[in-house]
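Engineer: My questions all concern the structure below.
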DNA sequence: TATGACTGCCC
DNA sequence: ATTCTGC
DNA sequence: GCAGAATGGGCAGTCATA
């Protein structure tokens, strides 16, 4: 199939606001894709080169793509960057510049989907000395074989951001649309659906049957995707064998399951109102891991279904030893643990675990604990449909003796006060909060369905201090933020000793579109060509501003920072905010914003965290009590 | 050999 | 991760 | 309420270059 044909559909989808119409156009496109191109088309639509667990990455980010556009079009880096700041999308930049190329290129025949995909796979495989140049050459070659529309999408693909307005759910919906006919051609199924609808309608409209069938098929496709994690392959099987192509997809150790996500609520009371009696688990601040045991083989997947087994040789061993089942899939939160002090390390320490070199050595320095919290598969049985309470029982049964793997701490309650006490106890012990789980719910993969609800300290205003920060600059927006001329802020705390404003965080969320406009209009009036004299920041915004406006900001945590200058001294790092979000403008003078001293004080008060690590390394954080 | 820009992926 | 917005 | 697209700090690893 020609790549340009796909790009024409992409363009139509991108310009469409209506979800329903987008889905229809996508369905139409997919109906035209031959089986041998199907996986590629799906992956490219997702801005990817394969499912997450296959880890095929182009290795071309913004920086290299800017170079690549230069190579392809003959424009200077500066010109490209300037245009990027204005339009907010490198694909559009490439499309425009390729249209008025300085070097007239050889338009060498038509690009096929196969050609584009295989070139990106080749790009992804290049490594070692000189590889960046080779990648850029191949990228430029693709651009120079393209028309403008193709250039736009060829640019967006390696960046992983297609800006089409379609994600996995829309792709599944489109597939369901395309196979509803086949689904209903099964007489039994049609009759069954018609029967069910008779309860609602005296005279069942044909459209209703189709709609209900589509919903049911969507659920089937989603169910398969949830245990298979490869939408391209699902679409290919459908194309090749129709609905029976899905039959062979079943839960299997070694193939990641899309993890359940949690919703949020701001109080214990609301959680109980929503769930009634529920299990309340401690929420540990580490890495969420999905462990697969298949006889002697263990694979570990991340929350995004990446294969991260190489990071955890110790956990692999523990699964082999401690899990009393031939095959199993279970989930938990992995954290670094200090065996001497019996304390858990904060996330920033856990994440320093190595991925490739000196893995074993680091694993000894920072041993792990795994708090298991759910079970999806055991001894050949899919446990996902079982009620949570039963999965929990079985999980406890298969965890054998050992230090590494244990069950997450939890209580069962239908009382808001009890839940609140457990939450507060968790907070006091330095944990993130709690997750409440519906006792009767199955494992609902890949969805936020209020079966799991999280409550963190930062959701509760009375437990979480906000800070007042001075805006010292801003960044141009990308994508739909480009139209506002502002996509984020650079903010600072006030250092009384030196009368300077020192950067502490960028802010990119919490502001409405109206607020973005207001910010741009206010800040552009006090823009400065250079960094103002009283500002200390290693991060350079697109536009510096006079330190004047103060905003209220909420964050989950204060961390030591290698990038921000707030509180930084020679040889010791500064401070930053974790998960910052803007709340509102404050009517204050810049000098009245939160001070460096206050930030340091707030950092000290977080749990029992220390500034120095046990090894006295700079920037490291100490353990927290549990 | 050391450093910094860049990338991908954790939260 | 958090948050906002169109449907 | 769903789905999608904006945006955050900061880690290890890769590659180019001083």
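We count from 1, first residue shown onward.
Placement of Cβ uses the backbone N, Cα and C atoms for every residue, glycine included.
According to TrEMBL:
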ACT_SITE  A:283  active site, N6-AMP-lysine intermediate
BINDING   A:288, A:303, A:333, A:373, A:448, A:454  ATP binding site
DOMAIN    A:361-482  domain 'ATP-dependent DNA ligase family profile'
REGION    A:603-626  region 'Disordered'
Engineer: Per DSSP, how many helix, strand and coil residues does the domain 'ATP-dependent DNA ligase family profile' (A:361-482) have?
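Structural biologist: Summed by class, the stretch gives 39 helix, 42 strand, 41 coil.
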Engineer: How many whole Å apart are the CA atoms of residue A:283 (active site, N6-AMP-lysine intermediate) and residue A:454 (ATP binding site)?
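Structural biologist: Rounded to a whole number, the Cα-Cα distance is 8 Å.
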Engineer: If you count other CB atoms within 10 A of each CB, which of A:283, A:288 wins among these recorded positions?
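Structural biologist: The most densely surrounded of these recorded positions is A:283.
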Engineer: Over all shown protein chains, what is the count of other CB atoms within 10 A of the CB belonging to residue A:454 (ATP binding site)?
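Structural biologist: So the Cβ neighbour count for residue A:454 (ATP binding site) comes to 18.
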Engineer: Restricting to the record's ATP-binding residues (A:288, A:303, A:333, A:373, A:448, A:454), give me the longest CA-CA distance in Å as a whole number.
Structural biologist: 18
Engineer: Mean pLDDT over the domain 'ATP-dependent DNA ligase family profile' (A:361-482): what is the value?
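Structural biologist: Summing pLDDT over the domain 'ATP-dependent DNA ligase family profile' (A:361-482) and dividing by its length gives 95.
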Engineer: Ten-angstrom check, please: count other Cβ atoms within 10 Å of the Cβ of residue A:448 (ATP binding site), all chains counted.
Structural biologist: 13
Engineer: Would you find the one among the binding-site residues A:333, A:373 whose Cβ has the most company, meaning other Cβ atoms within 10 Å?
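Structural biologist: Answer returned by the neighbour count: A:373.
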Engineer: What's the number of neighbouring CB atoms sitting within 10 A of the CB on residue A:303 (ATP binding site)?
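Structural biologist: Excluding its own Cβ, residue A:303 (ATP binding site) sees 15 Cβ atoms within 10 Å.
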